[in-house]
Amino acid sequence: MQLLFLGTLALFVGVTVAVPAQEKRVHHKPDLSDHVHDDAHGYQYDHEAFLGKEEAKTFDQLSPEESKERLGKIVDRIDTDKDGFISHAELHHWIKHRQRRYIEENVDKHWKEYDQNKDGKIGWIEYKNTTYGYYMDTEFDDVDDKASYKAMLTRDERRFKSADRDGDGVATREEFTAFLHPEEFDHMRDIVIQETIEDIDKNGDGKIDLQEYIGDMFTSENGEDEPDWVTTEKKHFSEFRDMNKDGFLDASEVSHWILPGEVDHADNEARHLIHETDQDNDGRLSISEIMDKMDFIKVSTITDFGTLTEDHDEL
């Protein structure tokens, strides 16, 4: 039995310990690459955007012949309408797919565990029994913080119902993904905001004051001085977070803080790759154009999955 603290599961992905705890609540899309996007100094950003950061690490293992052979397979998968060209929309979709892979891997990890009857769906009862079953048999009497476990169950049920868009009590894979990673879905924004406020709002007034805001990331111990970043965060609270200057963060202000609007980097990268590779300026890429631009595309970096075969569904 695995008890997942799903209220915070999706909130801390990809953040290093050097970042103040408070900033871990800010949900950005996963980066396309850890490298600076500067073609003058190499194409590693483009490589990782195409492939994903982990897969790009082994690109040098491929020979030019292997690269060309695997390129054909990649192009065929990106070319969803099978017209022999890669359009901006197809390339954009592919790059976003690579960007989302960490989410898909997390869902894959939990899917079999919770789909107890193997029907390709996960019911709320299946999830509840798998996650909380043992504790519920004793009304949580075996745990130290009974109230917290009951609150977790209530919170999970609320999130599950929000993800279950047709209200049938059963989650499809897409709905279960929304349950595990609500920050990735527009219709789950209110849940992310509500859970964040509940986590930080210690006095239960439905909003976040400065003390609660700072207290979520730093508590002074034994007369310890505040780090400089705490002083900076206090300034951010008053000057930027508290937009109406009433001394509190309400739901709207929390939304602006933790779910900032962002540039679509996948779209920008797709446009960049087409601009650099599209020799006849028809707005799409042919296989010959990709081959002619091998130094830029660096074919090996978009084809190397280590053991790429015809049945690699993840491509």
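The backbone N, Cα and C atoms fix where each Cβ goes, glycine too.
Those TrEMBL annotations? Automatic predictions, nothing curated.
Features reported for this protein in TrEMBL:
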SIGNAL    1-18  signal peptide
DOMAIN    66-101  domain 'EF-hand'
DOMAIN    102-137  domain 'EF-hand'
DOMAIN    151-186  domain 'EF-hand'
DOMAIN    188-223  domain 'EF-hand'
DOMAIN    265-300  domain 'EF-hand'
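Across the domain 'EF-hand' (188-223), DSSP assigns 19 helix, 2 strand, 15 coil.
Count of Cβ pairs under 8 Å against the domain 'EF-hand' (66-101): among 151-186, 188-223, 265-300, the largest is for 265-300.
Confidence over the domain 'EF-hand' (151-186), given as mean pLDDT on the 0 to 100 scale, stands at 94. Residue counts for the domain 'EF-hand' (66-101) under DSSP, helix first, then strand, then coil, are 26 helix, 3 strand, 7 coil.
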